[in-house]
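S.K.: According to Swiss-Prot, the record shows the following:
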- E137: active site, proton donor/acceptor (ACT_SITE)
- K111, S112, T113, Y114, A115, R116, T135, L136, E137, Q156, Y170, Q180: dCTP binding site (BINDING)
Amino acid sequence: MSIKSDKWIRRMAQEHGMIEPFVERQVRGEQDSRVISFGVSSYGYDVRCADEFKVFTNINSATVDPKNFDAGSFVDIKSDVCIIPPNSFALARTVEYFRIPRDVLTICLGKSTYARCGIIVNVTPLEPEWEGHVTLEFSNTTTLPAKIYANEGVAQMLFLQSDEECEVSYKDRGGKYQGQRGVTLPRT
């Protein structure tokens, strides 16, 4: 299994629609504005966060249960920024839609810009032949409100290609998050 380079990522996005929309260079700033970088890097792709957020609030229940999750535990926000309360979390989605090849596993890591502010990004691996918008989870580990910026970089995807295809892909087994669009809540 090997990590894939910017050349491979660019080719797969342009010829096979692996990432849409696709930014073929790393964007660090536009005109005089500062942005958190996004687009292709040497061995990865920095994804952007869309402007749709679900911010967790504990007004309806005392227990968070992944088997019986209360959608009312979130406040929906559409904005260029999202303020996450102290010691809380928010869900969002990537701007980009992914189509992962059958012989590739994709790992997501948070960006240091956010990590150094106490904001942790969590995403499970994107499995072979999974496709959809990636639901992002942001944890604010600080005792102060934390800000997330829409349409800027929030995490980096690393593409690992196996030397052989898997026997059963995410698509083959009818994965419950296949083809997800928008911010997707837990499913069982």
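Cβ from N, Cα, C; glycine included.
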S.K.: How many other Cβ atoms sit within 10 Å of the Cβ of the residue listed as 'active site, proton donor/acceptor'?
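M.R.: Taking every protein chain into account, the count is 16.
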S.K.: Looking only at K111, S112, T113, Y114, A115, R116, T135, L136, E137, Q156, Y170, Q180, which the record lists for dCTP, tell me the maximum pairwise CA distance in angstrom.
M.R.: 34
S.K.: Roughly how many angstrom lie between the C-alpha atoms of K111 (dCTP binding site) and E137 (active site, proton donor/acceptor)?
M.R.: 13
S.K.: Round to the nearest Å and give the CA-to-CA distance linking E137 (active site, proton donor/acceptor) with A115 (dCTP binding site).
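M.R.: A Cα-Cα distance of 13 Å.
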S.K.: Using Cβ-Cβ distances, find the residues under 8 Å from T113 (dCTP binding site) that belong to the same chain and are at least 6 apart in sequence, listing them in sequence order.
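M.R.: Sequence-distant Cβ neighbours: I36, G153.
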S.K.: If you draw a 10 Å sphere on the Cβ of A115 (dCTP binding site), how many other Cβ atoms land inside?
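M.R.: Excluding its own Cβ, the number within 10 Å is 13.
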